[in-house]
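This report concerns only the one structure given below.
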Amino acid sequence: MAAARVPLWAVCVLRVALATVYFQEAFLDGERWRNRWVQSTNDSQFGYFRLSSGKFYGHKEKDKGLQTTQNSRFYAISARFKPFSNKGKTLIIQYTVKHEQKMDCGGGYIKLFPADVDQKNLNGKSQYYIMFGPDICGFDVKKVHVILHFKNQYHSNKKSIRCKVDGFTHLYTLILRPDLTYEVKIDGQSIESGSIEYDWQLTSLKKMEKASAESKDWDQATEGKSQDWEKHFLDARASKPSDWNSELDGDWQAPMLQKPPYQDGLKPEGIDKDVWLHQKMKNTNYLTEYDLSEFENIGAIGLELWQVRSGTIFDNFLITDDEEYAETFGKATWGETKGPEREMDAIQAKEEEKKAREEDEDEQTMGRFGGRENIFKEFHKRNEL
């Protein structure tokens, strides 16, 4: 007897008991989404969102998401959740985006904000922690942004990650791990991965941290010995002058030299003076071991972008610490509707092709009848003459 198939929603319920889900939004409760999402009023020209599944979809209700509605506009909208820190934990950001208008120039990315972000005044200058997702403009820009905020600067991934450019829904996933590795997935498939330290060009900053750590170790090793270093000692190379008169000048003693600030045979020229100076300075720009991808007060997710041609749909937002749950949630949402969505699009394409062919045939038919009518008119004119 075959085992009963466990539905994906049941698997999600099981996984959520093991995972920490910080935020999840699939817009399954109609217009109540307006109670959770705040439209920025920073600019009266900002474009508006509506809830829609688009012109074609896999499931009319499940595929509903936030859709941009006005051409050549900036958009800014966000939703809050309970603030958290991802220190020492994996952070997964996932969502779906559909450019059914066949994007020519515009963003399809999301941003993760600190908890104190001003939602009503959200704009392009609002500080964010992470920016992730596709950006398309003409033939040159077709990339996936992965930008991290660190020490008051934004750092982009130096690798070129290509995004999807068709009109179907795609699942984008970013994974940041506490061991400083990362992974970018599209439609559940890994398309890029590596080291946060190297792929964000933060190696030089990491070297600063290493130098700072070595300075600390040096200070600890030499603690309590500084007094010895400051003591004077006799110059063993000195000799008693030939004209020295002990009776008049007293007993001769070799001159005293100050002990240099080094030991164990190290030579002064082997020590970088700048290193010694910086050892005693607490520089706030030095990195800690794992803070390249750690954020203390994550509290909002949002869309802050520009689009020339509107129509993009954002859906199935997820922020969690569990990679397996993110994969399961992706299969239960995008995975269930991706096939039917393409089928509906193919059916619509055939119907449009058929309609266009029929209209063309009608025009040709009208053209033939119009030609005959002209012949009859010419015939009657000749008879009248």
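Any Cβ shown, glycine's included, is placed from N, Cα and C.
All annotation found in TrEMBL is predicted automatically rather than curated by experts.
Remember, predicted model here, so these are calculated numbers, not experimental data.
Per TrEMBL, the feature alpha-D-glucoside binding site maps to Tyr109, Lys111, Tyr128, Asp135, Glu304.
Taking a C-beta cut-off of under 8 Å and a sequence gap of six or more, Cys137 (disulfide bond) has these contacts in its own chain: Asp104, Cys105, Gly106. Residues annotated as disulfide bond in TrEMBL: Cys105-Cys137.
Taken from TrEMBL, the feature region 'Disordered' applies to 350-370.
Look at TrEMBL and you will find 1-19 tagged as signal peptide.
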Neighbour count (Cβ, 10 Å) for Tyr109 (alpha-D-glucoside binding site): 23
Among the alpha-D-glucoside-binding set Tyr109, Lys111, Tyr128, Asp135, Glu304, as the record gives it, the longest Cα-Cα distance in Å: 17
Cβ atoms near Tyr128 (alpha-D-glucoside binding site) (within 10 Å, other residues, all chains): 20
Same-chain residues at least 6 apart in sequence whose Cβ lies under 8 Å from Glu304 (alpha-D-glucoside binding site): Ser40, Phe74, Tyr75, Ala76, Ser78, Lys111, Leu122, Asn123, Gly124, Ser126, Tyr128
